[in-house]
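These notes concern the structure reproduced below.
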Amino acid sequence: MEVGNEQGRAQGNGRSDAAAGKPCTSPCNSLKMFLVALSFAYFAKALSGSYMKSTITQLERRFDIPSYLIGVIDGSFEVGNLLVIAFVSYFGAKLHRPKIIAVGCVLMSIGTFIIALPHFIIGRYQYETSVRWVVNSTLNPSPCPVGSPSDLAQDRKLSHVPATACEGDSNLSMWIYVLLGNVLRGIGETPVQPLGISYIDDFASDENAALYVGCVQTISVIGPVFGYLLGSLCAKIYVDIGFVKMETITITPSDARWVGAWWLGYLIAGVITLLSAIPFWFLPRSLHIPGAQGSEKCTPEQTSFIKDPHSGKHKYPADQNTTFIEMAKDFIPSLRTLLGNPVYLIYLCVSIIQLNSLIGMVTYKPKYIEQHFKQSASKANFLMGVINIPAVALGMFSGGLLMKRLKLNIMGAARFAFGTSLIGYILSLFFFAMSCENAKVAGVTLPYISLDSISYDKHSVFAACNSDCFCSESDWDPVCGENGITYVSPCLAGCASSSGSGKNTVFSSCSCVGEAGNFTASTGQCPEKDDCDRMFPYFLALSVITSFIISLGGTPGYMFLIRCIKPQLKSLALGFHAMATRTLAGIPAPIYFGAIIDTTCLKWGQKRCGGLGACRIYNTTAYRIAYLGLTLSLRSISFIICIPGFILLSRQLRKEERNAVHGALANGGTELEALRKEEFVVSNSDQSQQTADRETRL
């Protein structure tokens with residue numbers, strides 16, 4: 001009967017009798033196929049997630065929204081996870097895990113396509129500029145139109161009033177499409193991690209589980225390499241490529257108004273994610289291997305993939321016929337048991353705080369490179385993908401390899417993860433010393449009356465040199481004067497005429513550039529080099545070193561999470577950990593990091609329909625202190641919480657060791673008593689036999 005049940009289960013899982021008759025080939029290949037499929041799914045979700053991070057400045061400028069709203073959009077991914085993570089992790093572990101992962105990948109793909117949808121239903125991108133593309137340069141309008149004082153005052157009042165021509169133009173509805181698509185991406189990503197990792201841990205040998213998890217995590221870190229490289233490529237391409245003549249575009253990728261082809265990368269990421277769903281439809285629900293027969297016929301390499309049924313009996317069988325109501329009744333007691341583990345709770349708190357620091361840092365790191373070191377969005381994304389992310393991948397793989405070779409126990413894994421994080425924290429303090437001066441912009445960082453020293457006091461963009469011009473203070477159309485100072489617009493630079501067209505336009509007779517009034521200015525901000533160019537390579541080198549060291553503890557920390565709880569609660573523990581970190585770190589961190597970064601803005605753009613748009617220039621000193629200070633402060637708090645965690649862990653391990661010793665002694669005593677009883681029974685039977693023999697002889 002037992003053999004018949006096993007065959008029935010195999011057929012119920014879609015495996016034929018022929019497949020069941022080849023236990024060595026099919027299960028080993030199935031696990032290998034699952035590892036490849038899960039790695040590709042991790043790659044796809046990491047690629048689309050990192051591409052979202054690489055497009056934050058593009059989305060800010062395209063939809064004219066501040067950083068905190070970008071944080072809301074970025075955090076909406078975690079909202080999608082939060083909606084279903086607990087139920088998927090708990091109930092999904094008892095259902096067909098590969099097919100649930102396949103459905104999740106399809107949902108991720110649909111969400112990614114929805115994010116790109118606004119580009120095809122919104123109008124063409126329009127940016128403020130006084131430069132025109134005309135064949136005859138003599139037709140160029142004057143950058144400094146003359147008006148009466150009353151006209152000037154009226155115009156400055158009207159600059160804050162919405163234009164009637166923009167009625168019905170709703171950028172709000174457009175970025176909500178991005179938010180909803182990201183929510184759907186989050187829902188689809190939910191089953192990949194908890195169900196995928198638990199599937200590997202169930203059907204891989206204990207000594208190889210850490211290495212397999214390390215390999216999958218490494219592949220997931222390689223995904224962002226291609227995500228940021230894709231972001232770098234798309235950031236170079238103008239947003240309306242194919243719909244406008246590129247020679248008419250008067251701005252460059254380094255301009256604060258430039259918007260790249262952000263939508264193109266989402267289409268590519270959506271296709272890749274859709275392809276990642278295909279292999280999971282053909283994978284079995286579970287792997288059943290007869291212990292003796294499988295061990296005889298399989299090679300040592302193959303048997304490393306096979307679980308002994310007796311050693312795995314503590315795991316919840318995926319194919320057990322359990323009703324939904326029975327599973328639901330067991331949910332609350334299981335959750336209560338999980339949260340009653342103090343070591344797990346402290347690990348959860350530390351993870352939440354450290355992930356707040358990590359998510360906020362990673363989300364705005366490309367923007368920090370752009371604003372602080374004056375790099376284009378394309379270059380910032382390229383450097384993140386080529387230099388920083390590979391260091392993380394190498395660190396995670398090395399951490400898994402070291403854990404296997406050193407044979408770290410649960411305490412060793414905790415100490416290893418803590419030590420690497422502490423070393424990375426100490427090295428990160430040197431980032432504070434890597435500073436760059438702010439851009440010299442008249443009326444923003446420099447007063448018109450003194451263009452020598454940078455000041456962050458409130459300045460006026462209007463001065464005597466441009467008082468005769470009919471200028472708007474809300475426009476951002478920077479020009480670089482011959483004196484090396486950037487002016488907010490040609491009008492505010494006092495330029496009376498222009499020649500040339502497009503990017504080659506030259507403004508002349510700029511009264512604010514020099515006293516003689518005949519100095520010229522060119523389009524775009526003045527390049528800020530000197531100290532920043534020398535400091536930037538050191539910043540990159542230190543960033544690579546700290547990323548590698550911190551990521552060394554990634555795999556040991558993850559294995560600590562799996563091993564610090566009861567085996568039957570593994571899927572629930574992973575799912576609850578993911579839900580808690582997404583709720584308390586993934587959602588709020590980008591929002592409050594973005595809100596704090598917004599406070600360092602010096603010059604805001606203005607929407608056509610009124611209201612503040614995207615920030616054009618930041619106070620780089622305040623940006624550096626806020627960004628780095630918040631990141632390192634959160635990590636400092638997490639280190640303090642680790643202290644009671646180590647104390648509780650050591651007590652728990654000592655208690656388990658004592659219980660194991662007592663259990664061994666009790667088992668030994670029981671076996672000895674049973675042996676004595678057996679000897680007593682045997683001796684009695686011998687005596688009875690001897691008595692019967694005597695009676696027979698008589």
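From the backbone N, Cα and C atoms, a Cβ is placed for every residue, glycine too.
Among the features that TrEMBL reports, domain 'Major facilitator superfamily (MFS) profile' is placed at 34-654.
Here TrEMBL flags 459-514 as domain 'Kazal-like'.
According to TrEMBL, the region 'Disordered' annotation covers 1-22.
Feature annotation from TrEMBL assigns transmembrane segment to 30-47 (among others).
Annotation source TrEMBL lists transmembrane segment at 68-88 (among others).
Per TrEMBL, transmembrane segment is recorded for 100-122 (among others).
Sequence annotations record features per position, and here TrEMBL assigns transmembrane segment to 209-230 (among others).
Remote same-chain partners of the transmembrane segment (263-283), defined as residues 6 or more beyond its termini with a Cβ less than 8 Å from a stretch Cβ, comprise 30, 33-34, 36-37, 40-41, 43-45, 47-48, 51, 54-55, 98-99, 101-106, 108-110, 112-113, 115-116, 118-120, 227, 230-231, 233-234, 237, 239. The transmembrane segment annotation in TrEMBL covers 263-283 (among others).
Taken from TrEMBL, the feature transmembrane segment covers 344-362 (among others).
Within its own chain, the transmembrane segment (382-402) has Cβ neighbours under 8 Å at 50, 54, 210-211, 213-215, 217-218, 221-222, 224-229, 231-232, 365-366, 369, 375, 408, 416, 420, 540, 543-545, 547-556, counting only residues six or more beyond its boundaries. Residues or ranges marked as transmembrane segment by TrEMBL: 382-402 (among others).
What TrEMBL lists as transmembrane segment is 414-434 (among others). Tertiary neighbourhood of the transmembrane segment (414-434): same-chain residues 354, 399, 402-403, 408, 535, 538-539, 542, 545-547, 549-554, 556-557, 560, 624-625, 628, 631-632, 635-636, 639, 642, 645-646, 649, selected by CB-CB distance under 8 Å and a gap of 6+ residues from either end.
For 535-562 (among others), the entry in TrEMBL reads transmembrane segment. Panel annotation: around the transmembrane segment (535-562), residues 197, 201, 209-210, 213-214, 217, 221, 344, 347, 351, 373, 375, 383, 387-388, 391-400, 402-403, 408, 410, 412-414, 416-421, 423-424, 427-428, 430-431, 434-436, 570, 573-574, 577 of the same chain, lying at least six beyond its termini, place a Cβ under 8 Å from a Cβ of the stretch.
Residues annotated as transmembrane segment in TrEMBL: 583-605 (among others).
The annotation transmembrane segment is assigned in TrEMBL to 625-649 (among others). Note on the transmembrane segment (625-649): residues 342-343, 346-347, 349-350, 353-354, 356-357, 360-361, 364, 368, 410-411, 414-415, 418, 421-422, 425, 428-429, 431-432, 564, 593, 596-597, 599-600 of its chain, located 6 or more positions outside it, place their CB under 8 angstroms from a CB of the stretch.
Taking pairs at least six residues apart, the transmembrane segment (68-88) and the transmembrane segment (209-230) share fewer than three Cβ pairs below 8 Å and do not count as touching. Looking at which of 30-47, 100-122, 209-230, 583-605 has the most CB pairs under 8 Å to the transmembrane segment (344-362), the answer is the stretch 583-605. In the domain 'Kazal-like' (459-514), helix, strand and coil residues by DSSP number 6 helix, 16 strand, 34 coil. The average pLDDT the prediction assigns to the domain 'Kazal-like' (459-514) is 81. The transmembrane segment (209-230) is in contact with the transmembrane segment (30-47), judged by 3+ CB-CB distances under 8 Å for residue pairs 6 or more apart in sequence. Panel annotation: around the transmembrane segment (30-47), residues 98, 101, 105, 108, 189, 192, 196, 199-200, 203-204, 212, 215-217, 219-224, 226-227, 230, 269, 272-273, 275-277, 279-280, 282-284, 287, 305 of the same chain, lying at least six beyond its termini, place a Cβ under 8 Å from a Cβ of the stretch.
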